[in-house]
Amino acid sequence: MAFKLDMIQAVALAVVVLFIGQKIKNKLEVLDRYCIPAPVIGGLIFAIITLILKLSNILIFDMDITLQKVFMTAFFTTIGYTASLKLLKKGGKGVFIFLGISILLCVLQDFTGVALAKMFGLNPLIGLSTASVPMVGGHGTSGAFGPVFEKAGAVGATTVAMASATFGLIMGSIIGGPLGKRLIEKNNLSYPMKMINSHDYKEAAVIKENTEKQLNPDNFMGATSQIFLAMGIGTIISLLLEKTGRTFPPYIGAMFAAAVLRNISDSTNLYKVYEDEIDIIGGVSLSLFLSMALMGLKLWQLADLAMPLIVMLLAQTILMGCFAYFVTFNLMGRDYDAAVMASGNCGFGMGATPNAMANMGAMTAKYGHAPRAFFIVPLVGSLFIDFCNTGVITMFIDVFGK
């Protein structure tokens, strides 16, 4: 029997799933420790229930997910509004080096995924579904690119990507701490006791100030308008991109439009970008998008991919550990901050920026402050890598997805 839900009912169910996930996360400390998002928790539980109902021939859900694409586009539009070139320049050489390292990681992850997929005789896009899409990109990018891959013939790509993203969140948190500890103790590194000249990094203290602000309806109206304006302009950009014959995710036009509007604001001061309000709207959009995406997972599609998926995910874990240990640490200066950044790289290289911050927080709680690491890693991980990763993924789709 099919149980149909229209688009409003589907969103309402997504809200229920989200709240259930939040309640469970609040009860189980281990979920919070590994920074597992509430919509992922609730969505996976719903997907498991759906699997049981389907295998028992009791019920299947038929949901109208029209609004899922709207929430997805809104979220990535808010990401576009964070891409400030002015802010990137303030970070200095270290930010550019770490961004380059992160782009190299995306390329290596995708090469590994495609190579292993071919070895198992699978569609290369399934390999990409275990690579930088879920690892660096996380659940948001997985939910965006999964349907693109499936449309190109990779059956089960969304489910594989979402499962891989959840695995990455956990493993990125597990390997980051021990790796950073090993680097610090092997190289006899420590936080310098002398006062560091923090001139280059004092901007870090004001990028995201944790100040209490009264919610302003006018600012929220301005933020909402800016998001929809960028989404509207983005539809035109996406149409033009489609004419090139290349494959792009549906949100790319809106994200690019938002980035342009942000940088025009930075350079001309003609208008204000409502960053705090845009960030809140982005968080709401991401939560609803992820809830709907996870609710729609077809877990039964993983049955034939179990062994290849395990091998590919273990390979990604080994790659991340070796990359952080030998590449990130060495290129970032082989000092204490570099060791902390290597730990953080495991967090957002396999999970998300909150995982990176959790890894680095655990390191600094034991060994001392790392101001350079806490400036560079979140700046790259939360503001710029999504743009670059999208470009890398698109390049691999063009080569291997035809």
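For all residues, glycine too, the Cβ spot is worked out from N, Cα and C.
The following features are taken from TrEMBL:
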- 6-22: transmembrane segment (TRANSMEM)
- 34-53: transmembrane segment (TRANSMEM)
- 65-83: transmembrane segment (TRANSMEM)
- 95-117: transmembrane segment (TRANSMEM)
- 154-176: transmembrane segment (TRANSMEM)
- 220-241: transmembrane segment (TRANSMEM)
- 277-300: transmembrane segment (TRANSMEM)
- 306-327: transmembrane segment (TRANSMEM)
- 373-397: transmembrane segment (TRANSMEM)
Recorded stretch that, among 34-53, 95-117, 220-241, 277-300, has the most CB pairs under 8 Å to the transmembrane segment (373-397): 95-117
Are the transmembrane segment (220-241) and the transmembrane segment (65-83) near each other by the rule of at least 3 C-beta pairs under 8 angstroms (pairs 6 or more apart)? yes
Ranking 34-53, 220-241, 277-300, 306-327 by the number of C-beta pairs under 8 Å to the transmembrane segment (6-22), which range is first? 34-53
Could you tell me what the rest of the chain brings near the transmembrane segment (306-327), counting residues at least six beyond its ends with Cβ under 8 Å? 101, 104-105, 108-109, 112-113, 116-117, 120, 122, 126-127, 130-131, 135, 160, 163-164, 167-168, 171-172, 175-176, 179, 182-183, 342-343, 345-346, 349-350
In the same chain, residues at least 6 away from the ends of the transmembrane segment (277-300) whose Cβ sits under 8 Å of its Cβ atoms read 10-11, 13-15, 17-18, 21, 37-40, 42-44, 46-48, 50-51, 54-55, 61, 63, 65, 67-68, 71-72, 74-75, 77-79, 81-82, 139-140, 142-143, 146, 156, 158-159, 162-163, 216, 219-220, 222-224, 226-227
